[in-house]
Amino acid sequence: MDWSALQTILGGVNKHSTSIGKIWLTVLFIFRIMILVVAAKEVWGDEQADFVCNTLQPGCKNVCYDHYFPISHIRLWALQLIFVSTPALLVAMHVAYYRHEKKRKFIRGEIKTEFKDIEEIKNQKVRIEGSLWWTYTGSIFFRVIFEAAFMYVFYVMYDGFAMQRLVKCNAWPCPNTVDCFVSRPTEKTVFTVFMIAVSGICILLNVTELCYLLIRFCSGKSKKPV
């Protein structure tokens, strides 16, 4: 998967984010996408080929692998990153729509006094207020939901975050209970715990930013005259 397009889009969103949001984006790309692209694929590249079971029964190895690893860690992480990044794309769409409306009004001569030219509209930093505040805050809320949901899925699907060295399988067509051995279990456990820890950090950053936006919103309301 090519992550450069996603990085370009989210980089545009980063211009309109809070300081906490910029830290979140840095953590997302450096500690998650880069690790996933550069390191994790090397560790999980041999997962099915080196999944060995002590039986020659045709199909038994494939069935056992599918039973214990219904979805590859790499693919589930990639899916998680897509879901977590999608709400930020809503902010990018909102900003694009805002600028489009500003350009349309400028061309029609409705806001000639606010901007010198269209280039100034393109370079304008959009403040997180009004309808954009709701879009931005909603995107953070859904990011927290997606992060927590995927952490729960990881824990339930793989029966914890530690990779077992030995698993026992008695699924059909295995003739009896067979022993299957996982390749690089310790290394995979380290990567899994690291990715889960980074997910937890992202949740903490998102919750902090959400609280910051809510406090700023409430303080702004209280300053308005009754």
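Just so it is clear, glycine is given a Cβ too, placed from its N, Cα and C backbone atoms.
Per Swiss-Prot, the features are:
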type: BINDING; residues: E42, G45, E47; note: Ca(2+) binding site
type: DISULFID; residues: C53-C180; note: disulfide bond
type: DISULFID; residues: C60-C174; note: disulfide bond
type: DISULFID; residues: C64-C169; note: disulfide bond
type: INTRAMEM; residues: 2-13; note: intramembrane segment
type: TOPO_DOM; residues: 14-20; note: topological domain 'Cytoplasmic'
type: TOPO_DOM; residues: 41-73; note: topological domain 'Extracellular'
type: TOPO_DOM; residues: 95-135; note: topological domain 'Cytoplasmic'
type: TOPO_DOM; residues: 157-189; note: topological domain 'Extracellular'
type: TOPO_DOM; residues: 211-226; note: topological domain 'Cytoplasmic'
type: TRANSMEM; residues: 21-40; note: transmembrane segment
type: TRANSMEM; residues: 74-94; note: transmembrane segment
type: TRANSMEM; residues: 136-156; note: transmembrane segment
type: TRANSMEM; residues: 190-210; note: transmembrane segment
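What Swiss-Prot annotates, mapped onto the structure for a quick look.
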| residue | record | CB count, 10 Å |
| --- | --- | --- |
| E42 | Ca(2+) binding site | 11 |
| G45 | Ca(2+) binding site | 12 |
| E47 | Ca(2+) binding site | 17 |
| C53 | disulfide bond | 20 |
| C60 | disulfide bond | 22 |
| C64 | disulfide bond | 22 |
| C169 | disulfide bond | 19 |
| C174 | disulfide bond | 19 |
| C180 | disulfide bond | 21 |
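When DSSP labels each residue, the topological domain 'Extracellular' (41-73) comes out as 14 helix, 2 strand, 17 coil, counted as helix, strand and coil in that order. Ranked by number of Cβ pairs under 8 Å to the transmembrane segment (21-40), the listed stretches 74-94, 136-156, 190-210 are led by 190-210. Checked against G45 (Ca(2+) binding site) by C-alpha proximity, the disulfide-bonded residues C53, C60, C169, C174 yield C53 as the nearest. When the alpha carbons of C180 (disulfide bond) and E42 (Ca(2+) binding site) are compared, the span between them is 21 angstrom.
In the three-state DSSP scheme, C174 (disulfide bond) is classed as coil. Comparing C60 (disulfide bond) with C53 (disulfide bond), their Cα atoms are 8 Å apart once rounded. Across the topological domain 'Extracellular' (41-73), mean pLDDT in this model comes to 83. For the pair C169 (disulfide bond) and C53 (disulfide bond), the Cα-Cα distance reads 9 Å.
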